[in-house]
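Residues or ranges marked as transmembrane segment in TrEMBL: B:47-77, B:142-159, B:166-192, B:251-273, B:300-329, B:350-368, B:374-394, B:406-429, B:435-454.
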Number of protein chains: 2
Amino acid sequence: MKKVKELLIGKSLKSTVGDSHLLTKLQALAMLSSDALSSIAYGPEQILLVLVAVGASASWYSVPIALIILVLLFALIGSYTQVIHAYPSGGGAYLVSTENLGTIPGLISGGSLLVDYMLTVAVSTASGADAITSALPELHQYNLQIAVGLALLLMLMNLRGLRESAAFLMIPVYTFILATVALLGVGIFRIFAGSLPYQAPAHIGTTVGGVSLILLLKAFSTGSSSLTGVEAISNAVPFFKQPKEKNAAKTLVMMGIILAVFFSGVIFFAYWLGLTPRADVTIIAQMAQKIFGDSVFGHAFFFIFQIATALILAVAANTGYSAFPMLAFNMAKKKYMPHLFTARGTRLSYSNGIISLAIGAVILLFIFDGQTDRLIPLYAIGVFTPFTLAQVGMVVHWRKKLGNKFLLHSIPNIIGALISFVVVMILLIFRVSEIWPFFVVLPLLIFCFIRIHNHYMNVAEQLRLRKETAEHKFDGNTVIVLVGNVTNVDIGAINYARSVGDYLIALHVSTKEDTEKEAEIERDFNETFPDIKLTVVHTSYRSIITPAVRFINLAAKQAKAHNYTTTVLIPTFIPSKPWQNIFHNQTGLRLRYYLNSHEDIILASYNYHLKK
Amino acid sequence: MKKVKELLIGKSLKSTVGDSHLLTKLQALAMLSSDALSSIAYGPEQILLVLVAVGASASWYSVPIALIILVLLFALIGSYTQVIHAYPSGGGAYLVSTENLGTIPGLISGGSLLVDYMLTVAVSTASGADAITSALPELHQYNLQIAVGLALLLMLMNLRGLRESAAFLMIPVYTFILATVALLGVGIFRIFAGSLPYQAPAHIGTTVGGVSLILLLKAFSTGSSSLTGVEAISNAVPFFKQPKEKNAAKTLVMMGIILAVFFSGVIFFAYWLGLTPRADVTIIAQMAQKIFGDSVFGHAFFFIFQIATALILAVAANTGYSAFPMLAFNMAKKKYMPHLFTARGTRLSYSNGIISLAIGAVILLFIFDGQTDRLIPLYAIGVFTPFTLAQVGMVVHWRKKLGNKFLLHSIPNIIGALISFVVVMILLIFRVSEIWPFFVVLPLLIFCFIRIHNHYMNVAEQLRLRKETAEHKFDGNTVIVLVGNVTNVDIGAINYARSVGDYLIALHVSTKEDTEKEAEIERDFNETFPDIKLTVVHTSYRSIITPAVRFINLAAKQAKAHNYTTTVLIPTFIPSKPWQNIFHNQTGLRLRYYLNSHEDIILASYNYHLKK
């Protein structure tokens, strides 16, 4: 058991290990921009998917839509630069909303983000699977399995603890950046060289029948999924090298520029080459095929580009694995989520958060059959809800801090909040058929957060030391030993019981089925312990639990009446190897589970260790 | 927790409930023939799938192949009639092989069957999903999800306990029989009425290029998957009404005739109508579409037929859920599988077997992407291996029983064994690329069975009462109480410890992180228990487990040296509702897990019950 665990996730670490790594700008860009940059693998495609529903000639509208998305991008970059300076200890929508807007908006942000990180993993792994199967069409039918496999692989890697490996993450991110630069560069070169003909089905500005404002708004709202992940840097300021805020802000701007260039490039070439979405090959894969061309050299470049895309998407999914456990930890510290999210595993990773995230992502992949385009609208609403709240929170923050002069500082936040809010509204009005699950899950989550909080408050109140619970002196101890087959184990258990107890009961519960066996047990017991009476209880249920519990409960009441304590001693044997426990029945465990709900009973187990 | 369980699987049952249901022939036919009859939904299609690989005109070969399969069917029916009379207490390949051929052949049978039942569930649910999506093409992309959903639904129904509901199972089986009779009847009528034209791409006897003996053998071997399930009745003789053997034999013959008619009918119409396999619509769905025709009435019949097919396939999958837990139970009784398969759940179903089966089937569905045709070869090898062994076992049985006159009685068994063996050989030689996983899994299983058996023998030997382990008298008791935050819980725990113990240690383990907290705990403790010294252990690991275990272990050694017992008392509080346990950390549980591996330590927990 322990060995398997070590093999999969590595040996235990001391808690001081790994806290001292601080990130340079280039490292931080690799760690924190993968989510944003990788979204060019699916964002532009979403715009085209909506548009070509009315015909291929509508695809030119992607260009003006992209321009609006770029405006939104720059507003968000401006706005998150503010967040960096206001919350140098690591902002995050949950914190900013809670501090400035109150508990409920904070919980809305927190809940949205938790769901959103699951969607980050689901979308990125599904999209990674698309990238792989665009290059290897024979694997197309395994898209779902590949995505699930990626999600689980990342889970294992994170259980090992990934923080030490920023250097390792730099490779895929920079490979992707280089590969995309190469793609766009070669494309531009070939346009100027005249070898990449203009193939758009309709010029920009052509009137296309069936294109309505609603259609354009829909395309814009899902296309805005290209902007997911721009908040990552503002949450991670403490991990930067000094001067932290300045470095973080610079990194954010750097990332914004790269994203803007890549996004514009993909939109432009999709238009120039007249690409339309296909079920089996992604838009950027089609683009890479056309731009790199049909030579052996071109094929090689195409494959490298696809691998780089799949890898950065895996790294993007990984950001979910770093962000979810941290958020769950913060919410658990404030008692809105179960304590178990604060416990670190043996590798110092927040195992419970990592595992919960993986389960959530796999369920999402399974429900949506690993299809990126069906996950995207939910992803967008999950991102832009906390975006909006965080920006509004920032405005309140400036007002608190600067008083009347707050407006000037708030401009980027106000713009950010407005556009984010518009995206949320568009999604809400025009894509409600796809995003309704979000509005079922979110209130449910918030309800749970509040219930959990009340529970913890309640328990703390009940446990508080009170003077009236004073010292109590008992007159003696009753010990009940449970006997099954009479073995070596019972000898040790009875020896202990004699030492501790003043009154000893040996209890055997017999199912009526096997009277012969019962007689044998009685004979064995009387031979081995001639001075102790064996109490036999009969039952017509197949389980011995209920009658045992009933008897013990009565005995405990009697003992209490005589001011005696009651100890139930369960003799158990421990196999020489822990995994062998699965071979032996869990009656002891189940009995303990049921006895737990009865008062004034001490549960004890006597362990006999097998040697081989 | 308990309520959710009751909602899903129902209330606990007494163990005498439900043993008295005995089956009439018509009930037994419904309960035991679904697996065999439902295989016409995929068996004939498998033959065609292999044949049309060389061209549609090769499909006529399905007719002679079907004739050979019918011979095999009658041989098996004859042979299993013998089994019924020889093993009236319920035969089954595992028992017959073990008794007559020895342990290893028995384990081979048992292992094959365990895998095979998983495949029964996987194939039947996958095929059920095909039936549903043949009628509702828009669901086609969800085949895998539907199949997994069916498998899990059946798991829940079986955890409730299904035996009481033979009547309930009769409906789908007889609906399917009626629907198939209607299909074949309408087909024959329309042929005679001249409204169903002959459309075979080639007459019987046409020479087709590319048809080799290997191809025909391949088609035959996968087509023989239509015969899976014919053994079911011979395993269930004790469940029949008196005269048991006679009724069982009659039911078996009845089932054989129905299966023969249905199988021949499907093969004939597939040939007559010139049907070829399609990815999205099954052969029998195509057949039903053509025979019932395009009228509204015809459409309605088509839908009813598809629903009936899906339902009987669900019932067929269900036979896996009755057979697997029984076999696992029998193997566990003989100590070849973990004891936990002998434990009945609260609803008297063998929950562990049911859950293991469901997990296995879901994994198979997932690996093979819910595709029936990829599961079938494995299914066939898993069925025909124990078929062969059981028939050989029967020959040995007759020889033991009848001496030299055994040959006459053995004829059906010899024929059965030979043909089954030929099927196994054909699969082995020509389809090894598809069935190799079987030959990885089976030896592994057998290895496990033997290891498990050795383990149990080993443990029994070590636990046997020996005179040398005599009574021992201790001089006193050391009690170690673990203290975290000082709360009401500790007061009760210390009271108990004072009563039981002669020497009391209060132990607090402190992670260096929070010295303020440590001081607070020490102050609280000294105020509340001024007469007891608090022992504080410091650690640089984040987990308190390791240092606690180390300290306790040392203390236990000391105690033993003074002839004292050692009890570790863990004060715990029990939330008012059991599910609230997930909110509280599991340090106690984990500590218990690690202390279990140390000798001479009694683990006890003091429970404090919260009231709200």
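Even glycines carry a Cβ here, placed using N, Cα and C.
Comparing B:47-77, B:142-159, B:166-192, B:374-394, B:406-429 for CB pairs under 8 angstroms to the transmembrane segment (B:435-454), the maximum falls on B:374-394.
Same-chain neighbours of the transmembrane segment (B:47-77): 200-206, 208-211, 215-216, 218-220, 222-224, 226-227, 230-231, 252-253, 256, 259-260, 263-264, 267-268, 270-271, 274-277, 283, 373, 387, 412, 415-416, 419-420, 423, counting only residues six or more beyond its ends whose CB sits under 8 Å from a CB of the stretch. Long-range contacts of the transmembrane segment (B:166-192) within the same chain: residues 21, 23, 26-27, 29-31, 33-34, 37-38, 40, 258, 261-262, 265, 269, 272, 287-288, 291-292, 301, 304-305, 308-309, 311-312, 314-315, 318, each at least 6 residues beyond the stretch ends and with a Cβ under 8 Å from a Cβ of the stretch.
Within the chain, the transmembrane segment (B:374-394) has long-range Cβ neighbours (under 8 A, six or more residues past its boundaries) at 42, 46, 76, 79, 82-83, 86, 91-94, 96-97, 99-101, 105, 108-109, 112-113, 115-116, 119-120, 122-123, 126, 221-222, 224-225, 227-228, 231, 364, 368, 410, 413-414, 416-417, 420-421, 423-424, 427-428, 431, 434-435, 437-438. Remote same-chain partners of the transmembrane segment (B:406-429), defined as residues 6 or more beyond its termini with a Cβ less than 8 Å from a stretch Cβ, comprise 71-72, 75-76, 78-82, 217-218, 220-221, 224, 377, 380-381, 384-385, 387-388, 391-392, 394-395, 398-399, 435.
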